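Single-structure report; data block below.
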């Protein structure tokens, strides 16, 4: 069988509904993991691709999440109360910049959980991310215990044990809502700048860091502004602090991530890994899956739409199958008068190009002028024919 020509390969790329998404993911790697299930290149035809856990990029991503949380725990937990909000915000900004090209810069189990819900990361990779994040936070708390004076392992307090600075101790319900709303804000900024609109590019980590700064500045005096389940469980394990409220923090933050996923799902639909989940969730409700929730076509399936992941293909096409023939259509120009026929194609509806009016030929102009003169009103005799 002859190898496909460059024209054929170009045509396949044009009509591949995943080609645009893969280009976007590679250009804007923040919060993206485009190579997770892609077959590695350069392998012989009979060679088996490495399993998920044997891929080097997976382990690099896990190490990035582990190391990022360890540094975040050391820097953020050790910051002075007067500048804790700014210190945590700028630290998160720097770490997202540092890890975005490797792991996507999640650095937060609540963010990872939300991305799994909307299909922007697979549940397998997301689960490994969460494990790496928790281990990184524990490791960071252990390192901080040897760096900060009067912070003993199991002593009941230490760097990263969140405390309030207001005179009145808030209730658990108030703690729940503070952490839920602040985590919702942080995760929403992640979605708006790094997940659903990757065009923000290098500004996304800056926006994420400032969102943490704003939340910690306002809510920090009441709850300590954890906004991160790993940042809660790490010090709790190492320093044995606030176990009575630790799970209120954790579940409130996960709930905040869930609310952000629910809020952005109707706007932008599911991501690359959402096809299985979106089918099952609507089947549980006894409903058919709306077209707007398909991960490839987007909400309205229109090219260039904010909801569109891939360009609209004119043919039903499944990757790996032969390209179907183009549907029969009326020849271009057949719907116009004979004077316009024989012109070069002025548009291509099958390719989704915008339509524009054709340029008339000289014959058409002459015919229109003759018709105008035949139907022009006759002059009345006796008039002044010299008037313009």
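Even glycines carry a Cβ here, placed using N, Cα and C.
Here the structure is a predicted model, which means the values were calculated and not measured.
Over in TrEMBL, the protein carries these features:
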type: COMPBIAS; residues: 378-388; note: compositional bias 'Polar residues'
type: REGION; residues: 347-388; note: region 'Disordered'
type: TRANSMEM; residues: 58-77; note: transmembrane segment
type: TRANSMEM; residues: 83-107; note: transmembrane segment
type: TRANSMEM; residues: 128-148; note: transmembrane segment
type: TRANSMEM; residues: 206-227; note: transmembrane segment
type: TRANSMEM; residues: 247-270; note: transmembrane segment
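Taking every listed stretch (58-77, 83-107, 206-227, 247-270) in turn, the largest tally of C-beta pairs under 8 A with the transmembrane segment (128-148) is reached by 58-77. Taking Cβ pairs closer than 8 Å, the transmembrane segment (58-77) reaches residues 33, 36, 52, 84, 87-88, 91-92, 95, 98-99, 102-107, 125, 128-129, 132-137, 139-141, 143-144, 147, 158-161, 228, 230-231, 234-235 in its own chain, all 6 or more past its ends.
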